[in-house]
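Asks: Just lifted these from TrEMBL, have a look:
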- 41-124: domain 'Cyclic nucleotide-binding' (DOMAIN)
- 200-234: region 'Disordered' (REGION)
- 253-281: region 'Disordered' (REGION)
- 257-271: compositional bias 'Basic and acidic residues' (COMPBIAS)
- 272-281: compositional bias 'Acidic residues' (COMPBIAS)
Amino acid sequence: QYKWLATRGVDEESILRALPPDLRRDIQRHLCLDLVRRVPFFSEMDDQLLDAICERLVSSLSTQGTYIVREGDPVTEMLFIIRGRLESSTTNGGRTGFFNSINLRPGDFCGEELLSWALLPKSSLNLPSSTRTVRALVEVEAFALRAEDLKFVANQFRRLHSKKLQHTFRYHSYHWRTWGACFIQAAWRRHKKRTVMRSLSTTESFSCPPDEQAANETEQKKEHNLASSNSSQVKQNLGVTILASRFAANTRRGAQKVKDVEMPKLQKPDEPDFSAEPDYE
């Protein structure tokens, strides 16, 4: 009913299918090419493959509050947003204390797990699971690229493999960005822990062990001829030693707290392989 209201009952896909192939290709290219080129990975393709993608895009309408896909569900299509906003969030498989959320706007896309799946040299028949929950914040109009169509394009494109494409895919992938942010946070916590431990080692190197302190006190008691000025100096040194020991103990407790707090581990995404021959079986 919503689609009928939005299109006034006009079946655009049927009209396009009834047109001659060359005219249908020109119309699809005019409607979709700029949107497809906004995807950095697709922008590396030649015009022939871009035309193949545009021909396979179909219109998609979603009402406010509609869940496009939920975390853990199979991904069946990629969506390229024309109008509206989507919320894309993840809990990293439901792990406690982890939540990441972004808003997708016109020109953005979702369902990138399907692109990773299509680029694997031996991708299985099972569709990939979504790593994010995508929900329409308002009415959303988009173009959809189905799994089987994306697989066909990926098999054709894999022949044009390039190391640069792998880095481009990583940089613009929300899954890779989330993993990279968690990796950097974990590295920073390890750095802070090492800094605290180095500070602890330095402090302990300036403080005397308990056995040595006891020996010094015994020796001091035996020295009856020590001048009063020297005696006061020894007491001052002993006070400094006690303060240093307390500081070392506090630093050790701080290091233990840093050790106890760990970042939730996020699984590294699969590497897309552009060097393998396509599997046509």
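Glycine residues also receive a Cβ, built from the backbone N, Cα and C atoms like all the rest.
Automatic, uncurated: that is what TrEMBL annotation is.
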Asks: Would you mind splitting the domain 'Cyclic nucleotide-binding' (41-124) into helix, strand and coil residue counts from DSSP?
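Replies: The counts are 21 helix, 28 strand, 35 coil.
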Asks: Suppose you look only at the domain 'Cyclic nucleotide-binding' (41-124); what would the mean pLDDT be?
Replies: 83
